[in-house]
Amino acid sequence: GLVIGAACCLAQLRNILMEAVPKLPEEKTKIYQALLQHLRTLAGEQIRSMASLGGHIVSRGSNWDLNPILAVGKSVLNLASEDGKRQIVLNDQFLAGCEHADIKPKEVIVSVLIPCSMKDDFISAFRQAERQKNALSIVNSGMRVLFSPGTDIIVDLSILYGGIGSTTLSARKSCEKLIGRRWNDLMLSEACRLVLEEIFVPPTALGGRVEYRRTLLVSFLFRFFLEVLHGLHQMYPFRYAELSQEKMSALGMLQSGVPQGVQIYQDVDPGQSPQDPVGRPIMHQSATKHATGEAVYIDDIHPVDGELSLAVVSSIRAHAKIISIDTSEALRVPGVVDVVTARDVPGQNGKDEQAYAEDKVICVGQIICAVVAESVTQAKCGAEKVKIVYEDLEPILTIEDAIKHKSYITEERKIEKGDIEQGFKSADEIIEGELHVGGQEHFYLETNSVLVIPRVEDKEMDVYVSTQHATDVQESVASALNLQSNKIMCHVKRVGGAFGGKITKPSLFAVIAAVAANKTGRPVRFVLERNTDMLITGGRHPFFGKYKVGFMNDGRIMAADFQCYINGGCTKDESELVIEYIVLKVDNAYSIPNLRVRGHACKTNLPSNTAFRGFGFPQAGLFVETCIVAVATQTGLPHEKVREINMYKGVNLTSFKEEFDAENLWKCWEECLDKSDYYSRKAMVEEFNTKNYWKKKGIAIIPMKFSVGFNATYFHQAGALVHIYIDGSVLVTHGGIELGQGIHTKMLQIASRELKIPLSYIHFCETSTTTVPNGKYTAGSVGTEINARAVQDACQTLWKRLDPIRRDNPNGKWEDWISEAHKQSISLSATGYFKGYVTNMNWDTKKGHAFPYFLFGVACSEVEVDCLTGAHKNIRTDIVMDACFSINPAIDIGQIEGAFIQGVGLYTLEEIYFSPEGEQLTLGPDTYKIPAICDIPEQIRVYLLPNSRNSIAIYSSKGMGEAGFFLASSVFFAIRDAVAAARKERGLPLDFTLNSPLSVERIRMACGDVFTEMIPKDKSGTYKPWAINI
């Protein structure tokens, strides 16, 4: 065997095994190959380069993937202590922590002997995680069987599972009963029965997914059974039959290849000046700084003299009265300067949401007080010492509870079009159904951060903050300190991601820090740790929808009645806007002649949910597409045909009577059908599915009508300030905020075109309330274009001022013109302003011009599903987007791709769990998984629709920030297509509903087979679950 030093890191272990395997006979390398299989996916490269083999073994985590393999392979630990050396076997008893098989307190692991396998030895390893890579396994397993030489009679059998209990578990008793049995179908049936009896997953198990984990126990066992049969056939081809095609499809795990991308866009007009950067794929202004780590964020700002660190104390109850707050122990912690509570707020203690809780708490995570100290460690230590006494009140946690108690944040929002009752009467068939869409964490790279620096005089304050809405931060801090806004200077250089999550929340954190700075008279820095940020801030609204749809046998929808609910959490925040947009946008690309939509934002005792990329449309769009699929299933028609027959055509009216032209919707549709080669690939998918029982492919094509902007003119105004200096350099400032989306890069492109100077002359410093006041939040896909109009206005003003200079010296250089203008006392500074798009919505008349314009797109996605585990692979995605004239194709396509992958997260991966007491259980990257490189389609192709124009926006462009998100639903429905193929082959009903996200658990359990049927089921209501559906 191989002797590996215990301090050897896992990356080195992988290299050692990869080098050893080719040099040894294959029959001796089975355990090494099993280890290599897991070393490809275990954690990430950085962790594998740090974590040691000995540490992995001795920590004995239930989810640790290598231990079950090492145990079934009968590895040996070489130990040393002051008393000498000895060896122990790494087996199930060691992993269970049995005293007689364990390491003694003074011993250390020196090395690990990993034996070679034998000819009649078969060893396999299995794992299933939420994500293919960089994720702890939900269940893992190591299995080994040794046969009597030349036979299939079991001499020795070991089956170990991780992820089931607190330690790795062995099916020892089951294995003992199977000794002497032949390796056949009867043995498999008995093995499954025995394992399910011995390895029990209680319904209250930590981590939930109980029935799924039970299914994986036997699914892994089945795959091992087939792998061994296949191995026996290869060793003794004349004695053991080759596996059938059906069984062969169960072998092998899905592996994602390296993603490749294609981006196609229309080049600029040949007559455009080479110096004019508009329409060209200019690199993001800060791209190099992002890549090298030189970009400065709030926590990178050097410490200020006298600076204090702040840590908060948050509620551990969902709904309770605050009886007392004892800060005495906290104040005795070395380095702690003070504890700040609601009593220390001179003015208004927050607006919609209290900055510091006063007499009661309304969710877990609500901030009660803050500790300021000389260091972060001391502040956290002080916060842990604060004692709070509660008196519990009954909480409302779920949408179901809120409906029952009629607990709503706003009045019902309702749209009605046509004659609903008559529409249902005219329909051939009527179906009803429901859909749940889970919430989503913003998971921006930079957590919420703020640095508040009080100035020496006039009670002025500088606030450096990570926000999408600097003006709101300014107003909130001023209100809390009982000051005028002109005393608060808010600065934003850049934000490390936001996605809607930094519109309202940063104002709350800025108030908390500002009150502390005001009380102590010293600068205060408040940077939330990831877990704290996720606990406090809320995210995308969980959605629940009920539908009733009447349709004709040819697929035409005649009437639809939709009831939509969102879980808003404990305060209003952006919930009113989100439910309004769900009601207005739920039709997506479909003209439904008789439609009624009712929407409610539910008030619950959870952290307040807020804006998130798409403002409710990703939930609403998935809901209506689920209805389309239900109609297609009921009629037996191809899904794409039902979509086509119901899509808007020509000049049409939305459900709220806003006129638009659907021409580009159809152009995108036809282009995507063509570019994706949809029909021939659909035939290939169907052929693949006829040949593979345990793996299925699916394909789906989804259209989109996306409403850009806001339903009130007020949100569309913007300002800018442009300075030209005597040396000819230009400084551009505006009210928009750089969130990573490239807004500043586009502003520089616009200034370059309008002033007719190279980009190298122009610089952007920061967004600040001292330069451009009263800015609106950067969101809704219009942040770039409204600020662009303001920058354009300022630049045109300056260009006009230079007219006399240019006329007198038409061949002069830019620097000469500026020097002469200064000599002539011409102002080289100008403000720009954009009044905004005129939009409105009258909820009484149910009519309005709610959005400036619409954006169209279509995506086609193909996936492959492993029916035994629920894992899936994203094979290919084609996106056609109606971007009109793109100011910067590189940035726009980047936004489309980024939004799409974030949508893949919502629809297939990201899942938030709450305990029955209202505490969020998924805090941090170890329990909450966002898409990784392995989740990107192996081929992703983006096409910007050519020869398209938008007369409303600057330079005929369109806002690309959010639209790509919903197109990820094509992956969701491709998975559904694959699951439907599996269910059809198994004789299961096809009128099934899949809720979002389509996690490995939901996919596996929806496929249904003999293994999902054989596991024990728990009756709902007879136990307290680990997590609840909110």
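Glycine residues also receive a Cβ, built from the backbone N, Cα and C atoms like all the rest.
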*Per TrEMBL, what member of R596, R598, R613, R681 joins Q468, F499, G780 in binding Mo-molybdopterin at one site?*
R613
*What subset of the recorded positions D65, R127, E962 lies within 10 angstroms of R613 (Mo-molybdopterin binding site) at the C-alpha level?*
E962
_For E962 (active site, proton acceptor), which of the listed binding-site residues (D65, F499, F615, G780) have their CA atom within 10 A of its CA?_
F499, F615, G780
*Counting by DSSP, what is the helix, strand and coil composition of the domain 'FAD-binding PCMH-type' (1-119)?*
54 helix, 25 strand, 40 coil
*List the Cα distance (Å, whole number) between G780 (Mo-molybdopterin binding site) and F615 (substrate binding site).*
8
*Sorted by position, what residues of the same chain at least six away from D65 (FAD binding site) have a C-beta under 8 A from it?*
H38, T41, L42, A125, R127, S137, N140, G162
*Round to a whole number and give the Cα-to-Cα distance in Å for the pair F615 (substrate binding site) and Q468 (Mo-molybdopterin binding site).*
15
*Roughly where does the domain 'FAD-binding PCMH-type' (1-119) sit in mean pLDDT, to the nearest integer?*
94
*Between any two of Q468, F499, R613, G780, the residues recorded as binding Mo-molybdopterin, what is the biggest Cα to Cα distance in Å?*
13
_Cβ neighbours within the same chain of Q468 (Mo-molybdopterin binding site) - under 8 Å, at least six residues apart_ = V495, A498, G500, K502, I503, P506, I737, L739, Y777, T778, A779
*Looking at Cβ-Cβ distances, which residues of the chain lie under 8 angstroms from F499 (Mo-molybdopterin binding site) while being 6 or more apart from it?*
H442, Y444, F612, R613, L739, Q902
*Cβ-centroid neighbourhood (8 Å) of the Mo-molybdopterin site, Q468, F499, R613, G780 excluded*: A498, G500, G501, I503, A611, F612, F615, L739, T778, A779, G961, E962
